[in-house]
Amino acid sequence: MKVFAIAAVAALTAVAVAGPVRPSGDKYLIELGPGKTQWVTKDQKHKMRAAGQTFIDITNEIGTNFVATKPVAANYPKNIAHSSMVSSMIANLSKENLMRDLQAMSEFNNRYYESQTGVESANWLMEQVKKVIDESGAQGAKVEKIDNQFNQFNIIATIPGSSESTVIVGAHQDSINQEDPMGGRAPGADDNGSGSVVVLEALRGVLGSKAFRAANNTNTLEFHWYAGEEGGLLGSQTVFSKYKSDGRQVKAMLNQDLAGFKGQGQEQFGLITDNTNQELNQFCKMIVEKYASIPIVDTECGYACSDHASADRNGFPASMVAETAFEDSNPHIHSADDTVEYLDFDHMLEHAKVALGFMTELGMASNL
């Protein structure tokens, strides 16, 4: 995830050249807002990110005639319908699992999407997802890797439903040291190891529930871990552009990016209200009020601040519940200091409750 510092990036963005024709040299086309594109080098991308500028790298869309799409129609429940099931699942969520998994993710030198340790960390995460599925014995559940045009791969776990309507919870798995992306130490405990382990624990919670497995979920559930978010939402773009071209019926996507920092003031979630789906946001508020023990406040993070923007841009309703109001986010991200010592695992467990409630209520919803 990225944090704004607009004035600091003005000089950097001024040197970029906008235009549909690719210039000579190693250049990337980025989108800083709807219809606002610029050509930049990889070094310029890194400097812009370090200065807080958010963007989507749309280089792979050249020649595809991409057109932003209106959201897929969805009918979200107006009332909680499965509180007994969800409450029993929440009781089995484990703070110890979150601590163990996040410690392991943080031990890689970095999880940068072009580094060798970025691949090694993805392989480790893939093995954890496989283990959860295998130990559950759930029929039909599977995990697959989705390759990108760079080293690190996406991971998608699927619990098939009886309909083609799909509900997603996702998090980016990569990390970055903004001073030295390829080789620098980037434990990425909060950004975004925290979101990654929350999604993993939500998967454990769903698959570990005999009541859920016996209920035969109506809608297909997917748990995503995206590669290359720090390079401009690269991995999530791979996934959602493919889903768009395939005509997938993604009815809801919940993004978990930054889930462990409690902030200095009142403990609360931040509901991202820009570049998200307002109807789905209202549903998220209902989930938080029912299943979490802390409040939620509206906040904004800017265009393309995280992977929900890839879903939204491709026509899929998306929301993001962040660790705090955006202005109170963790100041240690994108550095060697993004470590577990600054995180609160009780707060992270609240995120897991929300993810579990979101997936279960929508997974069981009829006529979504």
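The backbone N, Cα and C atoms fix where each Cβ goes, glycine too.
Positions annotated as Zn(2+) 1 binding site by Swiss-Prot: HIS172, ASP191, ASP257. Annotation note: ASP257 (Zn(2+) 1 binding site) sits in a coil segment as assigned by DSSP.
Taken from Swiss-Prot, the feature Zn(2+) 2 binding site applies to ASP191, GLU230, HIS334, supported by similarity to another entry. Under the three-state DSSP scheme, HIS334 (Zn(2+) 2 binding site) falls in the coil class. For HIS334 (Zn(2+) 2 binding site), the number of other Cβ atoms no farther than 10 Å from its own Cβ, over all displayed protein chains, is 25.
Taken from Swiss-Prot, the feature disulfide bond applies to CYS301-CYS305, supported by similarity to another entry. Secondary structure from DSSP puts CYS305 (disulfide bond) in coil. Neighbours of CYS305 (disulfide bond), defined as other CB atoms within 10 A of its CB across all chains, total 25.
Other C-beta atoms found within 10 angstroms of the C-beta of ASN92 (N-linked glycosylation site) number 12, with every protein chain shown included. ASN92 (N-linked glycosylation site) falls outside any helix or strand according to DSSP and counts as coil. Look at Swiss-Prot and you will find ASN92 (among others) tagged as N-linked glycosylation site.
The N-linked glycosylation site annotation in Swiss-Prot covers ASN192 (among others). Other Cβ atoms within 10 Å of the Cβ of ASN192 (N-linked glycosylation site) number 33 in total over all chains.
Cβ contacts within 10 Å of ASN216 (N-linked glycosylation site), excluding its own Cβ and spanning all protein chains shown: 9. Look at Swiss-Prot and you will find ASN216 (among others) tagged as N-linked glycosylation site, backed by sequence analysis.
What Swiss-Prot lists as signal peptide is 1-18.
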Worksheet, complete the sentence: For HIS334 (Zn(2+) 2 binding site), the closest of the recorded positions by C-alpha position, picking from ASN92, HIS172, ASP191, ASN192, CYS301, is ASP191
Fill in: Cβ atoms near ASP191 (Zn(2+) 1 binding site) (within 10 Å, other residues, all chains)
31
Discussion item. Spatial neighbours of ASP257 (Zn(2+) 1 binding site) among the recorded positions ASN92, ASN192, ASN216, GLU230, CYS301, defined as Cα within 10 A: which are they?
Written reply: ASN192
Practice prompt. Indicate whether HIS172 (Zn(2+) 1 binding site) is helix, strand or coil by DSSP.
Written response: strand
Worksheet item: Cα-Cα separation of ASP191 (Zn(2+) 1 binding site) and ASN216 (N-linked glycosylation site), in Å?
Response: 34
Response to the item:
Close to HIS172 (Zn(2+) 1 binding site), taking Cα pairs within 10 Å and only the recorded positions ASN192, GLU230, CYS305, are ASN192, GLU230
